[in-house]
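Each remark here refers to the structure printed beneath this line.
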């Protein structure tokens, strides 16, 4: 009673749910899963297929289909007994922001368009930004992490003083912070969460870039809370669309600064940003709406239309511009990718 090609497939939905077929894996005497009927000159082959929840994708060496062998082990032809994993999707917001007109400026209603945006509260209640890049790690600036700490503070000292929210005010616990080994020049730090967050339409990482998106004139988006032009903290989430600026003009604008940030009252904002090979500038003409204090650590998000994916071209480092200065300064994400991936893999 066997026939080649007659196959029964059990579809196991969810985030890697295991097959539970009772003591005898061949026994289908169950009301919810009746034993399949036999056919002439054929047989029933038992298969399971692993699939992932919405906003996750299957990572496996094979195709996710496992067959029960003679030793009653579930095996895949390519992966053997090694099970697949469900990894979080990045850069695929359910409600992406749409550029409906050629206007550079800000909006007060993001409608879940930037699910990677996190809000970080440092000591003494200062609000800054952070960017979700996986279901357990975020990027922010080293300056954000050191707010109200001395320069000698360690990562262990800093972590307990931070409060972090993702999604719609979802409080998450921080396990540790990791500073870039050259953070006085590369203004970046990583935050690891104690638990992985569930990825939803409201909480989703942004992708690290596979290419350089920062050609002058390229338009991207920055989101956050920050301050308005009156330097008051805002309670409403907002975003702004801005172009990548010409780097030479940005350097000239900030008095040719190539040293770490310092007080300089000839600068339009009274302080000099870090400008080096690891940074790029974003902005437009004077007196237009721009980012304000509190948005540092947020991603400059660019939509890759070929891949239909959003990637973080950079992380905002210098954010004291508001409407009085032309340019914000960002750390290039392409320069961070190797360090970020190595750090996440070993920690």
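In case you wondered, yes, glycine gets a Cβ from its N, Cα and C as well.
The feature disulfide bond is assigned by Swiss-Prot to 52-86 (among others), with similarity to another entry given as support. Secondary structure at residue 86 (disulfide bond), as computed by DSSP, is strand.
Residue 250 (disulfide bond) has a Cβ environment of 23 other Cβ atoms inside 10 Å. Taken residue by residue with DSSP, residue 250 (disulfide bond) is part of a helix. Among the features that Swiss-Prot reports, disulfide bond is placed at 250-281 (among others), with the record citing similarity to another entry.
The feature disulfide bond is assigned by Swiss-Prot to 292-322 (among others).
Mean pLDDT for the domain 'Sushi' (31-88) in this predicted model: 90. Annotation comment: Swiss-Prot describes 31-88 as domain 'Sushi', evidence class sequence analysis.
Around the Cβ of residue 148 (N-linked glycosylation site), the number of neighbouring Cβ atoms within 10 Å comes to 12. Mapped onto three states, the DSSP output places residue 148 (N-linked glycosylation site) in coil. The N-linked glycosylation site annotation in Swiss-Prot covers 148 (among others) and is backed by sequence analysis.
Residue 182 (N-linked glycosylation site) is surrounded by 12 other CB atoms, counting those within 10 A of its CB over all protein chains shown. According to Swiss-Prot, the feature N-linked glycosylation site maps to 182 (among others).
The N-linked glycosylation site annotation in Swiss-Prot covers 256 (among others) and rests on sequence analysis.
The N-linked glycosylation site annotation in Swiss-Prot covers 264 (among others) and is backed by sequence analysis.
According to Swiss-Prot, the feature signal peptide maps to 1-18.
The two recorded residues, residue 182 (N-linked glycosylation site) and residue 148 (N-linked glycosylation site), show a Cα separation of 20 Å. Looking at 86, 281, the disulfide-bonded residues in this record, the fewest other C-beta atoms within 10 angstroms of the C-beta turn up around 86. When the C-alpha distances from residue 250 (disulfide bond) to the recorded positions 52, 86, 148 are tabulated, the minimum falls on 148. Here the Cα atom of residue 86 (disulfide bond) is found 36 Å from that of residue 281 (disulfide bond).
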